[in-house]
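To start, the structure under review is shown below, and the notes come after it.
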Amino acid sequence: MRHAILALNAGSSSIKFGLYDLETSSELQLVSRGALDLGDAPRLSAKAADGTVQCDRPLAGDNAGIGALLHWIESELGSRKLVSAGHRIVHGGREFVEPVRLTPAVIEAIDRLTPLAPLHQPRSLAPIRELAALRRDLPQVGCFDTAFHQTIDPMVSRFALPRKYDAEGIRRYGFHGLSYEYIAGRLNEISPALAAKLTIVAHLGNGASLCAMRDGRSVDTTMGFSALDGLVMGTRCGAIDPGVLLYFLLERGITGEALQHMLYEKSGLLGISGISGDMRMLEASDDPRAREAVDFFAFRAAREVAALANTLGGLECLVFTAGIGEHSALVRKAICERLRWLGVAIDEPANASHAGIISRPDSKVEIRVVATDEESVIARQARMQGNA
Ligand code: ADP
């Protein structure tokens with residue numbers, strides 16, 4: 001009997017999934033890719049590897065969760081059997097630095113990390129628990145967004161706080177690791193010489209971060225202890241003077257919960273524009289505040305690229321990925337123009353057509369656009385864990 005693996009990537013309002021055939025010995029074969037939209041209008045959509053629509057329908061309220069997805073998947077599997085499910089988990093803390101089989105004890109240990117990622121960790125855990133309740137015998141594997149950054153130097157991970165806190169785990173972890181692992185692997189597939197370059201990957205989606213890589217390993221990243229640090233994001237503030245937070249808490253009497261809500265949900269592109277946290281909507285808007293937000297996003301991203309280039313000791317390759325990185329020629333151009341002094345020279349026609357290589361031949365830095373695929377990394381890690 002043929003076997004299949006399900007990869008689940010839970011976000012704020014949807015769960016992306018990939019279903020893979022395990023039969024071929026070396027490569028996982030994509031069978032279906034899709035999303036379970038939660039929220040007000042639950043919906044299940046899926047496409048086959050060739051882009052054919054397999055499913056696109058609203059879900060009834062009481063049958064709108066993982067159960068509906070599982071039901072659809074099992075109807076599609078035919079003679080295949082689902083043998084494992086892998087999950088993206090945002091925070092692995094210090095303990096989880098590689099994929100792990102999700103036993104009840106492990107799930108509890110992951111749940112204990114919730115204070116480190118109060119909004120994201122519960123989203124990661126919900127589908128795991130739902131699936132465990134529905135299919136108790138199905139092995140589940142946790143794949144951690146923090147794990148890729150375990151190679152960063154203590155100098156990079158440390159905060160200048162009293163040193164006991166570092167030992168207690170109050171340090172930079174970094175996120176988006178599954179995406180960075182995919183990009184590192186993809187660069188190596190394109191050419192080992194490319195993968196050996198001093199590289200900065202810009203994962204620009206609703207959440208956004210940069211990762212500096214040497215030989216495909218993380219040496220620095222913009223997100224920190226939490227997924228708030230670094231770049232301006234859709235609704236998150238990015239790097240901010242901690243004095244501002246103290247001022248809100250101590251002088252303005254804002255509660256911790258209200259401050260958390262402002263920093264995660266009301267800031268970033270949404271906060272600056274007052275219009276939307278969605279880059280596509282801002283690009284389509286004539287409102288000057290929308291333009292201001294887009295410019296600010298690019299300004300801060302370019303500033304952080306320069307900071308990470310300093311950790312790397314140079315910059316030879318810049319990769320754009322995720323929703324904004326893959327699709328917004330405007331943002332890529334704005335970032336690259338601010339990095340001209342570093343030898344970054346963008347080819348405008350290539351950029352406008354979203355080509356794979358968007359640098360001019362005379363650019364000192366190769367600029368690439370690479371579509372990320374976190375689900376394939378989850379599936380691969382889940383398979384490895386199953387074989388371990
Ligand atoms: P998530 O972090 O939720 O996985 P994505 O990687 O899907 O997010 O990125 C979502 C972001 O990408 C949104 O800001 C969206 O507007 C932006 N985006 C998607 N397509 C385009 C496009 N064609 N032009 C500009 N921005 C885009």
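Backbone N, Cα and C define each Cβ position, glycine as well.
Residues annotated as active site, proton donor/acceptor in TrEMBL: Asp145. The Mg(2+) binding site feature in TrEMBL is assigned to Asn9, Glu374. Annotation comment: TrEMBL describes Lys16, His203, Leu204, Gly205, Asn206, Gly207, Asp278, Met279, Arg280, Gly323, Ile324, Gly325, Glu326, His327 as ATP binding site. What TrEMBL records for Arg88 is substrate binding site. According to TrEMBL, the site 'Transition state stabilizer' annotation covers His176, Arg236.
Annotated features, which come from TrEMBL, shown on the structure.
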residue: Asn9; record: Mg(2+) binding site; Cβ neighbours (10 Å): 23
residue: Lys16; record: ATP binding site; Cβ neighbours (10 Å): 17
residue: Arg88; record: substrate binding site; Cβ neighbours (10 Å): 27
residue: Leu204; record: ATP binding site; Cβ neighbours (10 Å): 28
residue: Asn206; record: ATP binding site; Cβ neighbours (10 Å): 19
residue: Asp278; record: ATP binding site; Cβ neighbours (10 Å): 17
residue: Arg280; record: ATP binding site; Cβ neighbours (10 Å): 12
residue: Ile324; record: ATP binding site; Cβ neighbours (10 Å): 27
residue: Glu326; record: ATP binding site; Cβ neighbours (10 Å): 16
residue: Glu374; record: Mg(2+) binding site; Cβ neighbours (10 Å): 23
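With respect to ligand 1, the binding-site residues Arg88, Asn206, Arg280, Glu326 contribute Asn206, Arg280 as residues with a C-beta closer than 6 angstroms to one of its atoms, given in sequence order. Rounded to a whole number, the distance between the Cα atoms of Ile324 (ATP binding site) and His176 (site 'Transition state stabilizer') is 15 Å. Taking only the Cα positions, the spacing between Arg280 (ATP binding site) and the residue listed as 'substrate binding site' is 26 angstrom. All protein chains considered, the CB of His176 (site 'Transition state stabilizer') has 29 other CB atoms within 10 Å.
Within 10 Å of Glu374 (Mg(2+) binding site), judged by CA to CA distance, lie the following recorded positions from the set Arg88, Leu204, Asn206, Arg236, Asp278: Arg88. For the recorded positions Asn9, Asp145, Leu204, Glu326, a Cα-Cα cutoff of 10 angstroms around Arg88 (substrate binding site) retains Asn9, Asp145. If you compare Cα positions, Asp278 (ATP binding site) sits closest to Arg236 out of the recorded positions Asn9, Asp145, Arg236. For the binding site of ATP, formed by Lys16, His203, Leu204, Gly205, Asn206, Gly207, Asp278, Met279, Arg280, Gly323, Ile324, Gly325, Glu326, His327 according to the record, the largest Cα to Cα distance is 20 Å, rounded to a whole number. Residue density at the residue listed as 'active site, proton donor/acceptor': 28 other Cβ atoms are found within 10 A of its Cβ, drawing on all protein chains shown.
Annotation for Arg236 (site 'Transition state stabilizer'): spatial neighbours Gly207, Ala227, Leu228, Leu263, Tyr264, Ser267, Gly268, criterion Cβ-Cβ under 8 Å with sequence separation of six or more. Classification of Asn9 (Mg(2+) binding site) by DSSP places it within a strand. Counting only the Cα atoms, the space from the residue listed as 'active site, proton donor/acceptor' to Asn9 (Mg(2+) binding site) is about 11 angstrom. A Cα-Cα distance of 5 Å separates Lys16 (ATP binding site) from Asn9 (Mg(2+) binding site).
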